[in-house]
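What Swiss-Prot records for Gly109, Tyr110, Ser182, His214, Thr242 is pyridoxal 5'-phosphate binding site, and it gives similarity to another entry as the kind of evidence. Annotated substrate binding site per Swiss-Prot: His134, Thr359, in sequence order, evidence recorded as similarity to another entry. If you look up Swiss-Prot, you'll see Lys245 marked as N6-(pyridoxal phosphate)lysine, on the strength of similarity to another entry.
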Amino acid sequence: MSYFAEKLAELAQVGLNRSLPEIEHQGKWIIAQNRKMLNFSSNDYLGLASDTELQQTFLQNILQEAPLHQWFSSSSSRLLTGNFPIYARLEQLLAQRFQRETALLFNSGYHANIGILPALVDKHSLILADKLVHASLIDGTRLAGCDFYRYQHNNLAHLTQLLEKHTGQYRRIIIVTESVFSMDGDVAPLPQLVALKKAFSSQTEVMLYVDEAHAIGVYGANGLGMAEFFDCIDDIDLLVGTFGKALASMGAYLICDQLIKQYLVNTMRPLIFSTALAPINVAWTHFLFEKLPQFQPKRAHLARLSQQLKQAVELRNGDTLATQSCIVPFVVGENRQAVEKSQYLQQQGYYCLPIRPPTVPKGTARIRFSLTADLTEAELNGLIACL
């Protein structure tokens with residue numbers, strides 16, 4: 001046991017020790033250490049998680065559909081007895097909205113990302129992943145067991161070099177990226193990635209895998225993410241997103257062709273061997289996803305707040321890493337500086353958290369401001385005054 005104590009002491013010495021926070025939620029407020037603070041660290045981008053009117057309407061609706069006891073647990077894998085009708089209804093709604101053949105649900109974004117890639121590749125496959133993709137995609141790539149390279153972040157020239165070098169050597173190449181990057185807030189050049197995929201597909205099957213976890217609900221005319229914004233939904237082979245952020249629910253989805261879905265149902269271990277989401281979670285997601293186009297005013301307000309905060313940080317000579325989203329990083333550099341800045345902002349009434357290595361590269365510790373549509377301009381100005 002002394003080994004673990006030593007390792008924890010080493011983490012504490014360099015400002016990397018972590019602990020689970022004791023917090024309470026009151027809408028857009030966080031209560032911690034007897035202090036009430038505005039939440040600037042949530043992924044509840046549209047502010048739906050605290051919308052009690054929506055919640056009450058939803059609960060009234062589901063009680064009319066089925067008895068209460070049928071909603072709380074699936075009690076099984078979907079391939080056994082856990083496949084309730086609401087799953088198919090949500091998958092059909094997703095396929096209809098994205099105008100693609102089909103969709104497949106998962107328990108979480110992490111669950112999706114560690115399962116899809118290992119199921120679809122073999123020793124004749126190559127994965128080319130952006131250097132800054134989420135930890136779940138890195139883990140999925142490692143679990144896949146095939147050859148992989150990580151191209152420089154959003155660097156199309158480097159990706160092109162790798163494609164030129166390896167096309168023809170593998171049966172299948174999968175390009176992997178996020179659309180909105182979770183820590184930097186910048187955006188992948190999806191149209192150019194689609195063009196590269198098409199350009200190299202004559203010699204080798206090239207597929208494009210895009211994780212829209214931080215884009216779904218927030219971007220696009222109907223809230224369908226950056227793929228909708230860039231009008232390239234049809235060109236993305238594996239379009240993944242989550243429900244636990246802007247959609248204030250739980251779970252994840254894949255938009256794909258029917259053949260891919262059927263193959264995953266037969267081969268994806270995290271899907272086959274996991275108890276399915278509770279039906280009430282899936283029903284809540286369906287309820288909100290139906291309303292997604294109606295939330296355009298929330299998206300517009302969020303975009304204005306995001307631009308305002310980005311400009312304010314840059315005016316104070318802060319590095320925002322070219323963010324183009326509602327994730328606004330304020331890079332301070334060293335771990336302890338980030339922790340101290342976070343503590344100061346919390347003392348002023350703003351719940352802002354430090355992000356440190358290994359979540360981000362060494363020397364880029366930061367405050368990661370995550371904005372939500374239920375924040376007001378006056379509340380944002382209060383934060384800006386403390387920067």
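Positions of Cβ are set from backbone N, Cα and C atoms, glycine also.
Distribution of Swiss-Prot features across the structure.
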residue: Gly109; record: pyridoxal 5'-phosphate binding site; Cβ within 10 Å: 24
residue: Tyr110; record: pyridoxal 5'-phosphate binding site; Cβ within 10 Å: 19
residue: His134; record: substrate binding site; Cβ within 10 Å: 21
residue: Ser182; record: pyridoxal 5'-phosphate binding site; Cβ within 10 Å: 22
residue: His214; record: pyridoxal 5'-phosphate binding site; Cβ within 10 Å: 30
residue: Thr242; record: pyridoxal 5'-phosphate binding site; Cβ within 10 Å: 27
residue: Lys245; record: N6-(pyridoxal phosphate)lysine; Cβ within 10 Å: 24
residue: Thr359; record: substrate binding site; Cβ within 10 Å: 17
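For the recorded pyridoxal 5'-phosphate site, residues Gly109, Tyr110, Ser182, His214, Thr242 set the reference point as the centre of their Cβ atoms, and the other residues of that chain within 8 Å of it by Cβ are Asn113, His134, Ser136, Asp211, Ala213, Gly244, Lys245, Ala252. DSSP assigns Thr242 (pyridoxal 5'-phosphate binding site) to a strand segment in the three-state reduction. Here pyridoxal 5'-phosphate is bound by Gly109, Tyr110, Ser182, His214, Thr242 per the record. The longest Cα to Cα distance in that group is 13 Å. Rounded to a whole number, the C-alpha distance linking Thr359 (substrate binding site) with Thr242 (pyridoxal 5'-phosphate binding site) is 19 angstrom. Taking the C-alpha positions, the distance from Lys245 (N6-(pyridoxal phosphate)lysine) to Gly109 (pyridoxal 5'-phosphate binding site) comes to 10 Å. In this structure the C-alpha atoms belonging to Tyr110 (pyridoxal 5'-phosphate binding site) and His134 (substrate binding site) are separated by 9 Å. In this structure the alpha carbons, written CA, of Thr242 (pyridoxal 5'-phosphate binding site) and His134 (substrate binding site) are 13 Å apart. Cα distances from His134 (substrate binding site) to the binding-site residues Gly109, Ser182, His214 are smallest for Ser182. Reduced to three states, the DSSP call for Thr359 (substrate binding site) is coil.
Gly109 (pyridoxal 5'-phosphate binding site) carries a helical DSSP state (H, G or I).
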